[in-house]
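**Student:** Structure incoming, see below.
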Amino acid sequence: MERIKLSFPADTPPLSVIAALHISSSPVTIDSSSAATTVPTLVFSDGRKLSGTPVLLRYVARSAPSLLPDFYGRDAFESSQIDEWLDYASVFSSGSEFENACSRVDNYLQSSTFLVGYSLTIADVAVWSALSGSGPRWESLRKSKKYQNLVRWFNSISLEYAEPLSKVAAYTVKKVSGKPVATASSKQADANNNDKGGKPEVDLPGAVMGKVRLRFAPEPSGYLHIGHAKAALLNKYFAERYRGEVIVRFDDTNPAKESNEFVDNLVKDIGTLGIKYERVTYTSDYFSELMSMAEKLMREGKAYVDDTPREQMQKERMDGIDSKCRSHSVEENLNLWKEMIEGSVRGLQCCVRGKLDMQDPNKAMRDPVYYRCNPMPHHRIGNKYKIYPTYDFACPFVDSIEGITHALRSSEYHDRNAQYYKVLEDMGLRRVEIYEFSRLNLVYTLLSKRKLLWFVQQGLVGGWDDPRFPTVQGIVRRGLKIEALIQFILEQGASKNLNLMEWDKLWSINKKIIDPVCPRHTAVVEERSVLLTLSDGPDEPFVRLIPKHKKFEGAGEKATTFTKRIWLEGADASVISVGEEVTLMDWGNAIVKEVTKDEEGRVTALSGVLNLQGSVKTTKLKLTWLPEINELVKLTLTDFDYLITKKKLEEDDEVATFVNPYTKKETLALGDSNMRSLKSGDVIQLERKGYYRCDVPFVKPSKPIVLFSIPDGRQHQPLTAK
């Protein structure tokens, strides 16, 4: 391999080049001691040189390993866009232009996750480094709310590439007025350090760059939920950080609960999360080898067959009492093992247990069950087997056989870690490191697949993709962007602290993503809606094109019809006084001359005149409205609430006791005609109402468009029956 050295003056390190080298794992030696170098220079082993930051960045991007194939763009057009950003990055070093540059990039990032394309490129590295190297000036803006899109983008890169960027920190302390000033990347490095020797908090023990292999191993007994998503995304994070790989393995050892439907939807959900995996495997691929291993352990006296009734076995484990079967001879064990394999009446009474330590204070070590009989057909292999391994037995075996270096699992399994290592030791297999993270717990949320299945079976929800469910399909159908979920989980990192989290934080992140780009539309609730007649309104309707989003041109335009009679919400009409001037949004002011009410005092009609010269600053009421035309569309606005009434459901709580009786509210409304073009999955904002996701698009005038309300992170308001 050719030896390459980066040289530069110690007082002016090229942060973007250093960051790019670390992110791409380029084999370049960094040397800041060369006094003769006045500009950043790459020196090759044969004496050739390349000089200047832009030139070096392009070289690094073009020669990046296959793990970053789009580092310099996917095609010539994207490469040219990257060149523009590389040239523009120098603007951040100009004091007078710094905030203008921040403003430009902030506006650009309203509708983009990256500066070019759909993944990190050298353009992102260049601008990130320019901001990071600007010191206190950027730090003060970063803490403010002035450039939210820019800060979101900066923080996302800082979190996603925390490990390589932490190495840049050594070069980001500059002499300013004789005092060292830490820049953003050095502070990021500090934030990633804990008290254990200054190592990043989310280091994997014993990890070697390029040799990390992880697995995400869901059981195909339900759909992927937000708790699984945390595990999946952490596997993705560590695989990318250590240039490793992820295997998706289905832990299909319980045929009573599993099905191909769950397998197919888990694969779909993993794709939705953007998990790139090396291959898909199944624990059932190893059933033959697992049976051989169980027999081997029995021959070695490390496992035995037990026919103790289940309740008695549980009591003996709790009390630390040896089973009467623990002293079986090898021959007795193998004879009963054959009965289990055949699924005979005698075999069905038995299980295989590991012979560990029945007096261990850790009850997980008290002879765990390795195999059970189950005559049910398996969703993949039918009736081939009558016995199935337990998770405790199969997981360490397959982890080691598949070359997994680190097994990520939640801290709820902490007491079983010793068991995992002991099983591997008894099997004589390579050790796999366990890395723990805290389970994601959210208020008023069920993450038990058994309890979620109960809601499905009771018909309390529409299925596993119900928008009230915490499944990936459910929350996406509710209107959550996967980008928000990824950001939410990465902000927590691999913390081992057990916290009961509010949903508000997640929905707040989601709002920051959808608000800058989603189109604006208008809806009026049908019940008690009121017509306002404008005596000087247009005799013939006319149409005007106005932006769907006043701050985002990419949202396009909508056709708004202006008529003499317009629809107002009943709630708005009820607070208007005679003679009051109001603002009709996207039109102008009007003065209400007459208010008509029924016998119960409810407003039934309004009349008034336009006052388009009036100032919107002087009016108290800014009203949404719809023209009285046949092209309006019918809407069903759907709001949701939590499925349970208890903030945290304990394992032994009876779920039926805490079912929320009122979790869905549908409101009929009229919408502007532009909503006919909505597609399923589109996210919009209804002016003065909130954010919505289109679940059922326009089909015909008599069938309503179904819109699901998207929470915006504000305090949750429970639904009521009225």
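Yeah, the Cβs are placed from backbone N, Cα and C, and that goes for glycine too.
According to TrEMBL, the feature domain 'Glutathione S-transferase C-terminal' maps to 100-157. As annotated by TrEMBL, region 'Disordered' applies to 182-202. Marked as compositional bias 'Polar residues' by TrEMBL: 183-195. TrEMBL lists 211-515 with the feature domain 'Glutamyl/glutaminyl-tRNA synthetase class Ib catalytic'. Taken from TrEMBL, the feature domain 'Glutamyl/glutaminyl-tRNA synthetase class Ib anti-codon binding' applies to 518-607. Among the features that TrEMBL reports, domain 'tRNA synthetases class I (E and Q) anti-codon binding' is placed at 622-695.
I would like each feature placed in context: is it buried or exposed, what are its neighbours, and how far apart are things?
**Tutor:** Summed and averaged per residue, pLDDT over the domain 'Glutamyl/glutaminyl-tRNA synthetase class Ib anti-codon binding' (518-607) gives 96.
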**Student:** Treating G and I as helix alongside H, and B as strand alongside E, what does DSSP give for the domain 'Glutamyl/glutaminyl-tRNA synthetase class Ib anti-codon binding' (518-607) in helix, strand and coil?
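**Tutor:** Breakdown, helix to coil: 7 helix, 45 strand, 38 coil.
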**Student:** In the domain 'tRNA synthetases class I (E and Q) anti-codon binding' (622-695), how many residues does DSSP assign to helix, to strand and to coil?
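**Tutor:** DSSP composition of the domain 'tRNA synthetases class I (E and Q) anti-codon binding' (622-695): 9 helix, 32 strand, 33 coil.
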**Student:** Just to be sure I understand, if DSSP states are collapsed into helix, strand and coil, how many residues of the domain 'Glutathione S-transferase C-terminal' (100-157) fall in each?
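**Tutor:** Helix, strand and coil residues of the domain 'Glutathione S-transferase C-terminal' (100-157) number 38 helix, 0 strand, 20 coil.
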